[in-house]
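The structure under discussion appears below in the form of C-alpha cells.
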Amino acid sequence: MEKFTELIHLFVTVFLSTFASLMVLPAVTDVTMVAVCPGQDECSLAIYLTGFQQAIIGMGTVVMLPLIGNLSDQYGRKALLTLPMTLSIIPLVILAYSRTTGFFYAYYALRTLTAMICEGSIDCLALAYVADNILERQRTSVFGILSGITTAALVCGTLAARFLSTALTFQVAALLSMLAAVYMRIFLEESLPHSENLTLPILKSGQDDHRQDDGDLPRKPMVSKKIPSIQDIISLLKSSVTFSQAAIVAFFHSLSYGGLQASIMYYLKARFHFSKNQYADLMLLVGVSGMASQLLFMPLLAPLVAEEKLLAIGLLGGIANALLYSVACSAWVPYATTIFSVFAVFIPPCLRSIVSKQIGPNEQGKAQGCISGIISLANIISPLIYSPLTALFLSEDAPFNFPGFIFVCIGFATMIAFFQSLLIRAAPPISSHKSSSNSILA
C-alpha cells in the first residue's frame, strides 16, 4: 500500500465536509426546541417536524442519489462532488447569522431542499472514488478507513460543539464547509473509469460512446441514460443475488438507524433531561469507540475474517444496542451502550465492499448510488413509523408505560437485517481485477 497517500486528498475532503455537517447536530436539537417550543423539555411538534423533514429529504435522495452516481460514472467523481459540497454551505450560513424563529424556518426549508441533493451523495461519490482506485481484495479495509475518517470527523465535531457556543458552532461549521469545497476543487484529482469521457461537456448526451477499453469487460458502460429508471434499478438488483441480499440488509439496517436518529435525542431529553453538552459527550464516546474500531481493528480483521461475517457481527451489535436502550432506567445506560459501537461500525464498509465487488468497474457510481437510494427510501419510511411512536410513548397518552418500546421496534428491524445477512455468501466478484492497471494500490 505504498501509494495509499494518493487518497489523502479524498480523506481530507470527506473529513472537513463531515466535520462541518456533524458538529451542528447537538446544537440543532436545542435550536429547534427553542424556536418551536421555547421553555419545554418535551415537544411533539419538534419531533414531527424532524420526522417530516427526514421523510421529504429521503424522497428527494431516492431520485437524486442514483442520478448523481450515474452521472459520476460519465463525468467524474470530482465534478459531481462540487454540487453537494457547495449547496451544503447555504443552510449553515443562515443559522450562523441568526437562530430566531424566522431564521430557523428559513433554515428548515432550505436544509430540506438542499439535503435532497447533499444527503448521502458525498459518501456515495467518495465510495465510488475509492472503488475506482483500489483493488477488490483491499476495498473492505479502505472502505473501513474511509468510514473511520467520517467517524473521526464526528468525534472532532462533537468536541467542538462541546466547547463552542451555539452561535459560534454554526459559524465555524459554515467556514469549514466552505473550506472543504475549496480544498476539494484545488487538490482532489478527478477519477473516472474511462478518463477519455472527461473531455465531454457534462450536458452532452453519451449515446455515441458505446466502446469498451478492452473488450473483455463483462458489461459495456451504460452512458446513454443519465437518469436511471426504475427498470434500470431493478435490472441492477437482479444482476447478482448477493447484490440483492445486500440491498435488503441496507434497507432494514437504514430503517432502524433512521429510527434511532429520529428518536434518540428527544428520548434522552425527555427521559433523562439530557442537555446539549451531555448529548455531545455521548456522541463523543460513540465516535471514539467507532473510530478506534474502524481505523485500528477493521484493517486487521478484514484480511482474516470474511466481510459477510463482519457484517453479521455488526448487526448483532446494533440489536444489542437497541435492546439495552429499551430497558434503560438511568442516565448512565446510554453511555454503557457505546461498547456496541465497536461492532456496529462494521456494517457500512462491509455492505459497500460487498456491493462494489458484484458490479463492473464502469458502474461503481450507479451501484453505490442505487444502494444509497435504497437507504434513502428507508429514511422516508423510518420517520413515518418511528416519529409518531416516539411522540406517543413519550407522552402521557401512551397505551402502556414503556418509553423504551420505540427501541424494541428499532431492534426488530435490525434483527431482520441480521437474518438476511446470514444468507449472504461470498461470490466471485464480477470485475475480478479488471481494473488493476488503474489501481493506485499494487
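Each residue, glycine too, has its Cβ placed from N, Cα and C.
All annotation found in TrEMBL is predicted automatically rather than curated by experts.
Residues or ranges marked as domain 'Major facilitator superfamily (MFS) profile' in TrEMBL: 6-429.
When Cβ-Cβ distances below 8 Å are used as the criterion, the transmembrane segment (7-25) is approached by residues 81, 85, 88, 92, 95, 122-123, 126, 129-130, 133, 142, 145-146, 149-150, 152-154, 156-158, 160-161, 169-170, 172-174, 176-177, 179-181, 183-184, 187-189, 283, 440 of the same chain, each at least six residues removed from its ends. Annotation source TrEMBL lists transmembrane segment at 7-25 (among others).
The transmembrane segment feature in TrEMBL is assigned to 45-68 (among others).
Taken from TrEMBL, the feature transmembrane segment applies to 80-98 (among others).
Annotation comment: TrEMBL describes 104-130 (among others) as transmembrane segment. Note on the transmembrane segment (104-130): residues 7, 10, 13-14, 17-18, 31-32, 35-36, 49, 53, 56-57, 59-61, 64-65, 68-69, 72-73, 77, 80-81, 83-85, 87-88, 90-91, 94-95, 139, 142-143, 146, 150, 191, 352, 356, 364-365, 368-369, 372, 375-376 of its chain, located 6 or more positions outside it, place their CB under 8 angstroms from a CB of the stretch.
If you look up TrEMBL, you'll see 142-164 (among others) marked as transmembrane segment.
Beyond the ends of the transmembrane segment (170-188), by six or more residues, the same chain brings 9-10, 12-13, 16-17, 19-21, 23-24, 27, 78, 81-82, 85-86, 88-89, 92-93, 95-96, 99, 160, 164 to within a C-beta distance below 8 angstroms of the stretch. What TrEMBL lists as transmembrane segment is 170-188 (among others).
TrEMBL lists 246-267 (among others) with the feature transmembrane segment.
The transmembrane segment feature in TrEMBL is assigned to 279-298 (among others). Remote same-chain residues near the transmembrane segment (279-298) are listed as 25-26, 29, 140-141, 144-145, 147-148, 151-152, 154-155, 158-159, 161-162, 265, 268-269, 310, 334-335, 338-339, 341-346, 349 (criterion: CB distance under 8 Å, separation of at least six residues from the stretch ends).
Feature annotation from TrEMBL assigns transmembrane segment to 310-328 (among others). Away from its own ends, the transmembrane segment (310-328) comes close to residues 140, 249, 253, 256-257, 260, 264, 267, 271-272, 298, 301-302, 334, 336-337, 340-347, 350-351, 354, 404-408, 410-411, 414-415, 417-418, 421-422, 424 of its chain (Cβ-Cβ under 8 Å, at least six residues beyond either end).
The transmembrane segment annotation in TrEMBL covers 334-355 (among others).
The transmembrane segment annotation in TrEMBL covers 367-385 (among others).
Counting only same-chain residues 6+ beyond the ends of the transmembrane segment (405-424), those with a CB under 8 A from a CB of the stretch are 242, 245-246, 248-249, 251-253, 255-256, 259-260, 263, 267, 308, 311-312, 315-316, 318-319, 322-323, 325-326, 354, 385-386, 389-390, 393. Among the features that TrEMBL reports, transmembrane segment is placed at 405-424 (among others).
Counting Cβ pairs closer than 8 Å to the transmembrane segment (45-68), the top stretch among 80-98, 142-164, 246-267, 367-385 is 367-385.
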